[in-house]
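Undergrad: The following block contains the structure, expressed as structure tokens.
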Amino acid sequence: MAAEEGQVIGCHTVEAWNEQLQKGNDTKGLIVVDFTASWCGPCRFIAPFLAELAKKLPNVTFLKVDVDELKTVAHEWAVESMPTFMFLKEGKIMDKVVGAKKDELQQTIAKHMATAST
């Protein structure tokens, strides 16, 4: 079972990750995945900003994956540094932002929301 963290859904097991990914794919909406780590300073810096975005954008699915907790998932998605944000639609990677870059994160979400099927 995934824990709700504001509107950012923390995936703490591979099962929860797969379940949330499937739910997001079923909605055909934008999924933003935050690959993070508890020891990562920039990750802690960007987390409140991500939570704010999640509150403002209820039609976007925000997921959070701790790379140390779900090493296999991080490896499958070729995550090399944190934070890494993946933008998915219907199971496909549409974009990626590496680093705690608020502006780039916001712009990338806006860009993909504009192309989202309604």
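For all residues, glycine too, the Cβ spot is worked out from N, Cα and C.
As annotated in Swiss-Prot:
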DISULFID  C40-C43  disulfide bond
DOMAIN    2-114  domain 'Thioredoxin'
SITE      D34  site 'Deprotonates C-terminal active site Cys'
SITE      G41  site 'Contributes to redox potential value'
SITE      P42  site 'Contributes to redox potential value'
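Structural setting of the listed features?
TA: With a cut-off of 8 Å between CB atoms and residues at least 6 apart in sequence, the same chain places M82, P83 near C40 (disulfide bond), listed in sequence order. Secondary structure at C40 (disulfide bond), as computed by DSSP, is coil.
For the domain 'Thioredoxin' (2-114), the DSSP-based tally of helix, strand and coil residues reads 49 helix, 33 strand, 31 coil.
Cβ neighbour count for D34 (site 'Deprotonates C-terminal active site Cys') (all protein chains, 10 Å cutoff from its Cβ): 23.
Around the Cβ of G41 (site 'Contributes to redox potential value'), 10 further Cβ atoms fall within 10 Å across all displayed protein chains.
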Undergrad: Inside 10 Å of the Cβ of P42 (site 'Contributes to redox potential value'), count up the other Cβ atoms and send me the figure.
TA: 15
